[in-house]
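Please read the structure below before turning to the comments.
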């Protein structure tokens with residue numbers, strides 16, 4: 001116990017950050033998988049040959065869960081008050097990075113789900129729409145991953161606020177862009 | 001080391017780590033089973049309805065129900081693992097920093113497993129229901145939609161992995177009395 005340094009309750013916020021990272025990313029991944037999966041199944045009744053190609057939004061939504069897993073493991077292995085001092089600053093930084101990753105993952109998953117659902121149904125009628133559909137998910141995933149890893153290393157707040165807005169802004173663009181394309 | 005240094009900390013140090021641990025264990029199994037049940041009823045009702053016109057789909061589509069059930073089993077396994085992490089510490093050490101950290105680790109681990117399994121069960125249930133409905137129309141679609149369901153069921157596994165990694169952090173101080 002003499003080697004414990006840092007604030008007593010800081011691990012609460014740290015572990016909650018890891019929890020937020022995984023839980024919200026999984027919520028986004030589940031929404032994306034379910035919504036696009038329903039679109040694929042409905043579309044597959046009319047065009048069974050397009051089903052395997054239309055699984056792309058499902059795969060991208062699944063990747064969101066993996067990102068949440070990575071950030072959650074990075075955060076939870078970083079909470080070790082005996083090896084390295086763990087103050088409230090570190091706890092709050094982990095909480096914010098977990099929330100950033102998780103909530104961006106949730107929004108990315110919802111965007112992937114809605115766009116994927118509309119995209120696979122539209123792709124069945126117009127094959128040229130395939131690329132537009134797949135690009136939307138990618139921006140959100142990479143923006144969110146940067147935010148999470150940066151946050152867990154305690155760099156400036158402004159940097160990851162901006163990156164969060166970038167991710168969510170693309171969310172909005174993606175949804176509206178899909179409507180414009182059609 | 002000084003006492004609590006912020007307003008949140010003043011409240012949190014008054015709560016026993018065993019409270020947090022117990023709630024974490026309960027959430028791990030309770031919310032996982034909620035997710036499994038939710039998924040099973042979504043799948044089951046669609047399956048039974050679709051089977052009126054296409055009775056051949058019933059035996060194959062029970063796989064969707066089994067995927068939902070697996071989510072509940074993950075919750076049971078993790079709850080059992082978490083409760084073996086509980087140790088009794090002497091009364092003087094209950095609010096020591098190390099036991100507080102152990103309590104928070106078990107709590108967060110339970111929350112992670114519970115809610116990840118909840119959304120996984122929902123996801124697998126929704127996809128299972130569309131799997132049954134599209135299988136009733138065209139039996140070649142069953143295996144393809146099953147691939148999507150497998151992606152969905154991986155989410156529960158992520159929760160279990162992180163929950164078990166985090167529960168390794170739950171080390172209580174060694175008791176002397």
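Note that Cβ sites are derived from N, Cα and C of the backbone, with glycine treated the same way.
TrEMBL annotations:
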type     : residues : note
DOMAIN   : A:16-75  : domain 'V-ATPase proteolipid subunit C-like'
DOMAIN   : A:96-131 : domain 'V-ATPase proteolipid subunit C-like'
TRANSMEM : A:12-34  : transmembrane segment
TRANSMEM : A:55-79  : transmembrane segment
TRANSMEM : A:91-115 : transmembrane segment
Counts by DSSP class (helix H/G/I, strand E/B, coil) across the domain 'V-ATPase proteolipid subunit C-like' (A:16-75): 57 helix, 0 strand, 3 coil
Tally of residues which DSSP labels helix, strand or coil - the domain 'V-ATPase proteolipid subunit C-like' (A:96-131): 35 helix, 0 strand, 1 coil
Reported mean pLDDT - the domain 'V-ATPase proteolipid subunit C-like' (A:16-75): 93
